[in-house]
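Asker: Please read through the structure below; I'll follow up with questions.
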Amino acid sequence: MSSSHAGIGKWGEVLTIVPIVAAGFATIVYLLRLYSRRLGGTGLATEDFLMGIGLLLSYGATVFVVYTAFNGVGMPSSSLPKWKETNLRFGSWMIQKFWAPSMAFIKISIVVFLQRIMGPIGIFRNICTALIVFIVAWAVTALMGNIFQCWPVTYYYKPYGKGHCMSHQTSFFETMGALSLIVDVCILCLPMPWVLRLHVDLKKKIAVVCIFSMGALVCIFSLLRLVQFRYFLTTNLASSSALESIWTILEMDMAVICGCMPLLTPLFRKCVDRVRTTTSKSTPHSNSHSASRLYARSGSNPSPHWAKFERLGGVDSKTPPHSEASGSRNRQDPLSRQGHNGDELDDDSSIELQGIAVHTVVSLSVESHKSAKDLLEKGSAVEPAK
């Protein structure tokens, strides 16, 4: 059956497909986050539960966006029967009830996560606490305002009897959207000073910045939603609410995705290790043995500055994941471990200079054996003189 026969129109198709696909993708990324936590060997943290609640609340908005798609959104209001227009207005009213709580839980989840990885840095912790308080106050104000914007509350979707709505409804929506955008920008900028102070090479620093900068996509959708309110008419929701609904859904789902990306580190590492294992099988045994030995030594003591970011996925950087054989070699070679642990090299520097590091270890080992041999020879030479 074509969409024209189904009576949902082109906008109805868009508002059915886009929300379902976006919600499905956000769900997959969140499940990968939980799996990544398991790979990292850590249990679920507070921010994981908060993000899960935010995702569940976003499903409510998704359901009612699809509900409006089957009740005339994108069509002229004059062409809709009264019951369909009532359903459309009710769906629009319900979307507002899920948007603010969902975004609040998602934002707080991200802030709690940032607060955790920044550790005991006082100013960042205070800023995070202030942001959480502001987000809670914003969400409560937005939710209460959306519920009681009309009196009785049913007058929003049944404007046929006695009742009234507050003046400047659209201005209220714009104010709440603008405050949400300001919070998004603050969350986006919050970790950047910390990231720029990481003592890692430029490539890794750029990678970390890119991961956190994905939050800019949330800001873009939030801005698009805010701009669309200029054309939002509560008296003609059928023809004015389609784009606003799309940006609302994409803002929530993209916030979930961006909030989960930094925690997928163990999963990415597992994929990289699997690729390395596959590649090493196609190389000669001696080369793979040497590469494994170099990797084990270069990764045995990562930089303390990089360790904070390594803990993003719940992985203890003091015990990096490598093969059991490599671990046994490290335990059997205390001299090489001592020589490497004395260096204050960053993680990438160790990798790039791993050939020099191994050469130094071998030289130290040879020199120590030579010294011991010389002492024995001198002792044997002095013995007959007695």
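A Cβ is built for glycine as well, from the same backbone N, Cα and C atoms used for every other residue.
Not my notes, these are from TrEMBL:
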type: TRANSMEM; residues: 14-36; note: transmembrane segment
type: DOMAIN; residues: 32-270; note: domain 'Rhodopsin'
type: TRANSMEM; residues: 48-70; note: transmembrane segment
type: TRANSMEM; residues: 90-114; note: transmembrane segment
type: TRANSMEM; residues: 126-148; note: transmembrane segment
type: TRANSMEM; residues: 176-194; note: transmembrane segment
type: TRANSMEM; residues: 206-226; note: transmembrane segment
type: COMPBIAS; residues: 279-291; note: compositional bias 'Polar residues'
type: REGION; residues: 279-351; note: region 'Disordered'
type: COMPBIAS; residues: 325-339; note: compositional bias 'Polar residues'
Asker: How about long-range neighbours of the transmembrane segment (90-114): same chain, 6 or more residues beyond its ends, C-beta under 8 Å?
Answerer: 45-48, 50-51, 53-55, 57-58, 60-61, 64-65, 67-68, 71, 124, 128, 131-132, 135-136, 138-139, 142-143, 146-147, 156-157, 176, 180, 183-184, 187, 190-191, 215, 237, 241, 245, 248, 251-252, 255-256, 259, 262-263
Asker: Return the average pLDDT for the domain 'Rhodopsin' (32-270) as a whole number.
Answerer: 92
Asker: Residue list, the transmembrane segment (14-36) vs rest of chain: Cβ under 8 Å, 6 or more residues beyond ends.
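Answerer: Beyond its ends, the transmembrane segment (14-36) has Cβ neighbours at 8, 44, 48, 51-52, 55, 58-59, 62, 65-66, 68-70, 73-74, 242, 245-246, 249-250, 252-254, 256-257, 260-261, 263-267, 313-314.
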Asker: Any residues 6+ beyond the ends of the transmembrane segment (206-226) with a Cβ under 8 Å from its own?
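Answerer: Residues 110, 174, 177-178, 180-181, 184-185, 187-188, 191-192, 195-196, 198, 200, 244, 247-248, 250-251, 254-255, 257-258, 261-262, 309 contact the transmembrane segment (206-226) from elsewhere in the chain.
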